[in-house]
Amino acid sequence: MIENEEFKNLNDHWRNTIEKLSIYKDISEQTLERCDESFIETKKKICQDFDTIINYLTDRKIELLQQLGEELEAHKQQIESNRDKSMMLIEQLNKKMNSPSKFDININSSGGGGSGGVVFSGGGGGGLSHSTSYSGNLSNYLSASSGFASSPLNYSTSSLMVTNNNNNNPMTSPLKKSTSFQTDYLQVLKESISYIEWDWKDEFQENNTTNRKIIKQPKPISSMASDLILNSSFKSFDDLNKKFQEFSNNNDDTDDYDNNNNNNNDNKDDFDNCENNNNGDSLKMKSNKKLKIFGKLKFKIIETLEYKRLNSNLEDTKCIYSIGGKCKDGFDQYSIEKFDFKQGLWRSLQSIPSIMDNDFTGNFDGKNHIYLFGGSLQPTRILKYNLLEDQWEIIETNNNNNNNNNGANGANGNIEIPDNGRFLHCSVFDGKQNIYLIGGFPRSTSILKFNIITEQFSKQQSKSTTSSRNLWSMGAIYKEDNNSIYLIGGCNITRQSVDTLERYDIDNDSFTTLSPLPVSCYGAGVFYDDQEHYIYVLGGYNSKENKCLSIIQRYDLLDNSWSVLTNNHDDDDDDDGDSGGGLQNLLLPKPMMINGNSIIFDSSKRIVHILGGYNNVTKESIDDIYTLDISNILDENLSNKINWEVNKIPQFKNSKFKGGTSILVQK
């Protein structure tokens, strides 16, 4: 009996041991499978990450090479176009010189050289040959011994006059497309000849990332794991634990095992995060991987030494282009006028071919084109004006990210400016290839970047700390040395003027809040004096006092501080346009809203021009043009009285005020 009992106990012990060994075997097999799966999963992640990065770098390489090619092609096209114009002019002038009975050509130069013909130091009279004009005439012309080099070559119509038998002077009539080359024969000479040089940085950008979509491939599963997961009762480690728990309830000596495996639930995610299809043969995970953008490609335009020497013998040209604006009779004006500082008169040019109202912005690309963006009547419209040809064209883009369909379509059904367009916004040109559109209606929350080479839009990702992108009628200044945009004042959704000043860092795509304005305003005129590192804010509207301002606020970029300039001279005119200081702060001719589009700063002369304005309180329209030399503004308490000159630049040919845009072009 005792032997049977001992045998039974022995059998129970063996049975217990066998069950434990079976569990041990199962755990070993499962652990081996886990090791394999961990290896396979890690290997897959490594391969996926490298494949993702390699694919991204491949796409990035294609993107950068495409950018490189587009920039080169656009630059070459401009040079080739100007070269072709020069060839055409050479042919025209040769024909005119060979037809003295029909045309009289007079070149007047203070440096001498005869009359009745075109004289170059490298050759005698007669026509210019294209085949020798560069290799022969140019080399001689640029040589130090050239007698002609000492005398400026006057490109304007005062030095090169084409007179037919009817003695019609093109200077007395408005410039038209058909006569543009008759009146400015040598204007093409002021188009710079420059080469393009790229700056390539082969590093990942710290503050600029992109999201890449990762679709993980089916996870390789061994026959053991497949049988365990799909065909057996063990659907997960929880099932294995459950079986062991049932056994351990009757066996006290299994506590150590149970306590050492409390983390098995962590592996449940390996299965819960998977998508198992009906066939049970595919497991996929989907996710995005954030990668730092690799590489940064910038370019700069460098004027050739040969052209610099040629240009040194040409007179500088300086013109103001006034586009649009509202007339006193209440109608919108779609004309464009050009004021030539040398000639001292306004000339009518080709009218705007599209209704844009007055709430658009305009930017000069530094070469030969002016771009107009938006407007309340056509908020998605983009126009491009060719200065040399006096021609307009409507830009139609093919952006894939334009998902709105609000009727603002181009001729081919393309929406030009994304997000329903812009008006009452601000825009700045970075001096290279991008124009940035910020703020405005319809309550725009994104910064748009327009590439003038590809003529495509993209959106910046950064968000403003003070929601300046929701404002309208802001002032905007671009500062080249730190590649930043300064956003000044503006009007919010409740029509209240704000006092915010923000700096948008383009390279880092980030905003920084700076010291606020002393007096909040919107619709002010702003400009940047790069010599003294000041930002000036002129006039504008203050909603708190419900009045237009006639003060000048100045921001010092070096110490992040503002000052309101005060005039310590008595004035006969009593005006309540200041911030509470009485007559001492009346520094503008009148309280007015100027807007960034109606103020021009000539940095070379340090002269500011205000071209018209509007007082939205008194409803007074201002069509005078005011000029001020800011070199007299030395400190906050002005030692010299500010004297604005009225209509030193004569009034417009078509009297205008409020809105539109005015652009200074210097070459």
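Note that Cβ sites are derived from N, Cα and C of the backbone, with glycine treated the same way.
Your range for coiled coil, going by Swiss-Prot and the list 58-98, 140-180, 386-426, is 58-98.
Looking only at the coiled coil (58-98), the predicted model's pLDDT averages out at 87.
Across the repeat 'Kelch 4' (484-531), DSSP classifies residues as 0 helix, 22 strand, 26 coil.
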